[in-house]
Amino acid sequence: MINKNSLMTRLSILSISLLLTSALSINGALPQMRAALGMTTTQVELVATLPALAVVLFVVLSSFIAEKIGTKRTVQLGLLLVGFGGGLAPLFLNSYVPILISRFILGAGFGLFNSLAVSIINLLFQEEPEERASLLGYRGAAENIGNAGLTLLAGALLTFGWRVSFSVYLIAFPILVLFTLFVPEIKEAKKAKTGAKGELKASVYLLALFALFLVMTFVAIGVRFPTMVTDIKGADYNASAFLAVMPIIGIVTGSLFGFANRLLGEKCLYLGLAMLALATFLIAISENNFFLLLIGYFISGIPGSLIFPFIYNSLNLYASPAKMTAATSIILIGCNLGNFIAPFGLSTLQLVSGTTNLFAPFKLLSILLIVILIGIFLKKRRPVQSKILNGGKNLD
């Protein structure tokens, strides 16, 4: 019998998250691919972004597939799709459409275990809240480690040709072996711990909208940062070194979430929102101040590692174990939609601001974040005040 508390089990669970943010790791190979296959700019950009579409579709399907074949088998299937579709197939493909298909298969694989990477932790450690919180923080750090590591590896492999860069996804096979050997069957554990009916509260959908807005904000900062840098420093200035710092910030803060959660509890959410509001405000007022822009940008790398593990760790309050995968999928759909609409959100905020100034949307984002922070704080305080006014009795 597999011991869920063993170090190898924990590492095997976390290892699947190494892949989840690696869809763009092969971006460095795209110019060579474009030249070799005679692709247009639009075609080569589609190669980069198509996996995101597949992720959204298969995140929706993953909970249904997991109900039919089990959580563990669904993850195994996803890892096989990543290894074969993302890593092995491109080594032998010579034309555009088959490569697009392989990239869609890669995204399908990611989508199958994207939500399960979170729900496995929530299900296996549902009675150990501190351990669950720590693992969710480490999981976020693993995403950043995978993103940075696979991007560097793909760049190194580019020396041997653009096709070889895609072989970074072959790491899915050793991860599959680890997951198969050391992770227990989640379906059996779920049956033992759940009742006949599953429950999914409406609050999960509000959390998904919250996640959508947060991801839109983070992506908006990341997308516009290089342009804002060149606006201040000149068109020839290279911001790549600053972009490379962000995964490191994510790794450090993600690793510390368990400690922060034990120390602060729900105040992690308040701290994360306050820091994001501060970051967007500093960016908004940094039009002629490069140092201020950098400070705001680097601060924006911290809140995600506080807020998102907190959201996932809180899902046990709003979803029964039987509905945990579905709840996680709903949150991730919100995240992916936030990623997709970020450019449109920026355009809308730009329109509302009434100016073409690159920094203007972030002032509005800062105001919205402060309003959300105050709203959440007041909502959390209301039940406490009601209890005090009624002599300690709960009205619910």
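Positions of Cβ are set from backbone N, Cα and C atoms, glycine also.
Summarising the annotation, TrEMBL assigns domain 'Major facilitator superfamily (MFS) profile' to 1-383.
Distant neighbours of the transmembrane segment (46-65): 23-24, 26-27, 30, 33, 39, 74, 77-78, 99-100, 103-116, 325-326, 329, 332-333, 336-337, 339-340; these residues of the same chain sit at least 6 beyond its ends, with a Cβ under 8 Å from one of its Cβ atoms. Residues or ranges marked as transmembrane segment in TrEMBL: 46-65 (among others).
What TrEMBL lists as transmembrane segment is 77-97 (among others).
Nonlocal intrachain contacts for the transmembrane segment (168-184), taken as residues 6+ away from its ends with a CB within less than 8 angstroms of a stretch CB, comprise 1-2, 4, 6, 8-9, 11-13, 15-16, 18-19, 22, 25-26, 72, 75-76, 79-80, 82-83, 86-88, 106, 109, 120, 124, 150, 153-154, 157. For 168-184 (among others), the entry in TrEMBL reads transmembrane segment.
Sequence annotations record features per position, and here TrEMBL assigns transmembrane segment to 204-225 (among others). For the transmembrane segment (204-225), same-chain residues at least 6 beyond its ends with a Cβ under 8 Å from one of its own Cβ atoms are 239, 242-243, 246, 276, 279-280, 283, 293, 297, 300, 304, 307-308, 311, 314-315, 318-319, 327, 330-331, 333-339, 341-343, 345-346, 358, 361-362, 365, 368-369, 372.
Residues or ranges marked as transmembrane segment by TrEMBL: 237-259 (among others).
Within the chain, the transmembrane segment (268-285) has long-range Cβ neighbours (under 8 A, six or more residues past its boundaries) at 214, 217, 221, 228, 257, 260-261, 292-293, 295-297, 299-300, 302-304, 306-307, 310, 359-360, 362-363, 365-366, 369-370, 372-373, 376-377. The feature transmembrane segment is assigned by TrEMBL to 268-285 (among others).
Here TrEMBL flags 291-312 (among others) as transmembrane segment. Same-chain residues lying 6 or more positions outside the transmembrane segment (291-312) and placing a CB less than 8 Å from one of its CB atoms are 118, 121-122, 133, 136-137, 139-141, 207, 210-211, 214, 218, 221, 225, 228-229, 232, 242, 245-246, 249-250, 253-254, 256-257, 260-261, 266, 268-269, 271-273, 275-276, 278-283, 285, 328, 331.
The transmembrane segment annotation in TrEMBL covers 324-346 (among others).
Within the same chain, residues 210, 213, 217, 220-221, 224, 227-228, 231, 269-270, 273-274, 276-278, 280-281, 283-287, 346, 349-350, 352 sit at least 6 positions outside the transmembrane segment (358-378) and bring their C-beta atoms closer than 8 Å to a C-beta of that stretch. TrEMBL lists 358-378 (among others) with the feature transmembrane segment.
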